[in-house]
């Protein structure tokens, strides 16, 4: 009883007539009905109040801009004159689809995406398998693997740009010591794409390894026991127990990595130095993300940049659909 | 399943399998190699930051520390504005962390434990847009910021990422199992208001997940790149904006650039040294539930 009274005091300090009355030992009936009405209202309204702050920001800075970008993509909108936008219909899109640079950027995004994602996830799977053994200092190993994740895109890219430098770069010196001719990593087409991918691989392999490790630890132990009773070797257990059990997780990391690859931006920008937004002299490592930034903030065509953004979204939806199909297939096979 | 047949003839491995298996020396060796690859670029950043720009253009590259570390750090701190940038980024990442953790917890609680209309649809909307790239919103954000004359002001980079869909989902998943519904009902029976439930029941139960979400959010906010380099410039930079300026030739001195890269990463590496265990378990928790 005294607890209820205490609650009424703190919960409705502003409602002068209700709260002090309730603090008496005897409950007056009009007060109690007022309070129970307040209480019922509180129960009903509170969920909405709890999600309101999130959705207020989310709507204003997430959802609305997403749609407004679509609207802007149908207009001519220039950086030099933000107040003036003229209706263009689909012209921004048709222009993009006819531009060699757009297709070049799309192709580069795809190749860099493949070179960075496939080895990254394969290595992460291997590392996770090793981390899953009983290790001395297991936390230490995990933290060490995750250190690149703490490094920002900008820091990592600056360091790798120097490691891949033509003059005095560590990579050329190392491959030179085994007799390979130095490579001009920034100017060559495959070289630059490899270098950019290596930044992505370095930053994200440990992170994905931890995600796989978490999934491996959730695999029921008796599956391994029965497999080893059947005489399956360590490798066979990995292939026939671990991998199938990890399928949903693998699919999840593929989706996340693909999304990351589609929006790749900071790594090639900084790797390119002063010509960063062009993705090198011949646009040899210009990704879609770079192309968007270049169109919008270097060339000043914000409408066109919006169209690139929406094409990016379409691309992601296509990838999501393909993933969904594959996932369904895998489930049926089982 | 073909490869199974030879396995049957080979010697059984015994009952110890999977994760209880002890690591052999080969496992340690391979892990050591991967750890070296993970850490070497970070250590070499410090080596390069202690040299001169001229030395960094020579072959072979330096493998051990030189004597210019503090000179280079000082130039990065003042000339490349990394001092101001670190202060700015602390303010920005700190505000974003507070907003994200607070609003994610109460919204995540509502989605996990309360019944209300449209909750399913709203949650689906939240999850569905979780993976939309930042590129999809930078043009409208830029128009707003220009309109409000917020260019180069910190609120321009704080407000757009003040809440996070991932955070809401993360807290919901955690509270679904960490917070017994009976506890809320008991508090309700005692006549506790919703705010009291949040303060005395939800926050204590959510504390471990709030800490992890806070760490992850701080790292992400510290490293955010695309929108800050559009909204801010070198006159009032965050760390990433200052590093971007360095990368595009603001101070064409390799050793100073490396000193900047080192400074910009140091706070996060320190955080990893202190909270590495929590961050690791946070990522692994998110993976299993997500």
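Cβ atoms are placed via backbone N, Cα and C, with glycine included.
Between the listed ranges A:194-215, A:216-237, A:282-303, TrEMBL ties the annotation transmembrane segment to A:194-215. Looking up the ranges A:45-68, A:69-92 in TrEMBL, the one annotated as transmembrane segment turns out to be A:45-68. Of the candidate ranges A:45-68, A:110-131, A:245-265, A:307-326, A:110-131 has the most C-beta pairs within less than 8 angstroms of the transmembrane segment (A:194-215). At the 8 Å Cβ cutoff, the transmembrane segment (A:110-131) and the transmembrane segment (A:307-326) share fewer than 3 close pairs (sequence separation 6 or more) and do not count as touching. Sequence-distant contacts of the transmembrane segment (A:245-265) (same chain, at least 6 residues past either end, Cβ-Cβ under 8 Å): 109, 112-113, 116-117, 120-121, 124-125, 196, 200, 204, 208, 211-212, 214-216, 219, 223, 287-290, 293, 312, 315-316, 319-320, 323, 326-327, 330.
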